[in-house]
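To start, the structure under review is shown below, and the notes come after it.
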Amino acid sequence: MLLEWWSCTQCTLFADQATMDRLGKEHAIIILNHNFEIDFLCGWTMCERFGVLGSSKVLAKRELLCVPLIGWTWYFLEIVFCKRKWEEDRDTVIAGLRCLADYPEYMWFLLYCEGTRFTEKKHRVSMEVAASKGLPPLKHHLLPRTKGFTTAVQCLRGTVAAIYDVTLNFRGNKNPSLLGILYGKKYEADMCLRRFPLEEIPQDEKEAAQWLHKLYQEKDALQETYNQKGVFPGEPFRPARRPWTLLNFLFWATVLLSPLFRFVLGVFASGSPLLILTFLGFVGAASFGVRRLIGVTEIEKGSSYGNQEFKKKE
């Protein structure tokens with residue numbers, strides 16, 4: 001609701017008509033670059049516009065499980081969590097993916113193959129690793145981690161029909177933030193969408209990993225084209241926003257805020273200093289919690305995963 005109706009951020013897809021006709025009508029694995037603080041919001045809004053928001057899944061870092069409301073909700077939505085240490089994650093990830101193999105509704109499963117958000121420090125370390133493995137350097141992405149991708153393809157083969165590669169950028173070279181969305185700033189997001197039938201992905205794990213590396217080289221070229229021309233290749237489509245997110249927000253705001261306002265009036269009308277101070281303390285704690293929740297999305301406050309320390313462990 002905040003993205004679509006409060007900030008009125010526009011999301012444009014660049015794809016072909018055949019791909020657009022399939023959106024929301026098949027199981028798919030989504031590969032999205034992880035460069036921006038609100039890339040997940042842009043993904044969610046596309047899920048909502050094509051009717052798969054309720055059945056959208058993601059391979060997410062386990063730390064998010066502890067985030068109030070969002071983490072707890074994701075647990076009940078069968079989100080697959082990982083510690084980003086394959087030796088510890090293998091059994092958990094495979095079990096989670098197998099639970100989705102017979103999912104009854106059309107499902108989109110999101111993978112951030114880079115494993116963490118792009119920063120200059122992480123990019124430098126990542127390219128050192130790429131050079132040591134004889135892989136071509138990437139300018140706009142981190143080196144993709146292949147284990148999650150190859151495992152997802154293996155476990156969901158026969159269920160998932162295609163891989164959707166999504167390359168996201170923002171017009172005007174802007175770097176949007178969740179706080180910007182809350183302040184009502186309008187952004188213009190462009191997404192280059194390419195569909196690859198799952199039959200094109202090699203069944204051999206090593207060959208599938210090579211396919212992913214080649215895909216990221218193509219994504220890098222797409223980002224370079226966008227930076228030079230300000231547009232992705234393909235026909236632009238702007239799926240219309242639907243009213244359900246706004247109506248859902250207005251309903252729950254009416255249900256929850258009306259008694260809250262009456263309670264606040266009662267607190268201040270009581271004239272009790274202790275009651276008023278207790279209420280103000282609760283509001284301060286809630287505001288602090290919301291700010292910490294927003295901080296989870298901020299790049300500069302992101303995890304150290306992918307930095308020099310992680311490289312040394314490898």
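Cβ coordinates come from backbone N, Cα and C, glycine included.
Owing to the predicted nature of the structure, the values given are computational and were not obtained by experimental measurement.
Per TrEMBL, the features are as follows:
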DOMAIN    28-150  domain 'Phospholipid/glycerol acyltransferase'
TRANSMEM  246-268  transmembrane segment
TRANSMEM  274-294  transmembrane segment
Cβ contacts under 8 Å made by the transmembrane segment (246-268) with residues that lie 6+ beyond its boundaries: 1, 4-5, 275-276, 279
Secondary structure content, the domain 'Phospholipid/glycerol acyltransferase' (28-150) (per DSSP, counts of residues): 58 helix, 18 strand, 47 coil
Segment-level pLDDT (mean, integer) for the domain 'Phospholipid/glycerol acyltransferase' (28-150): 90
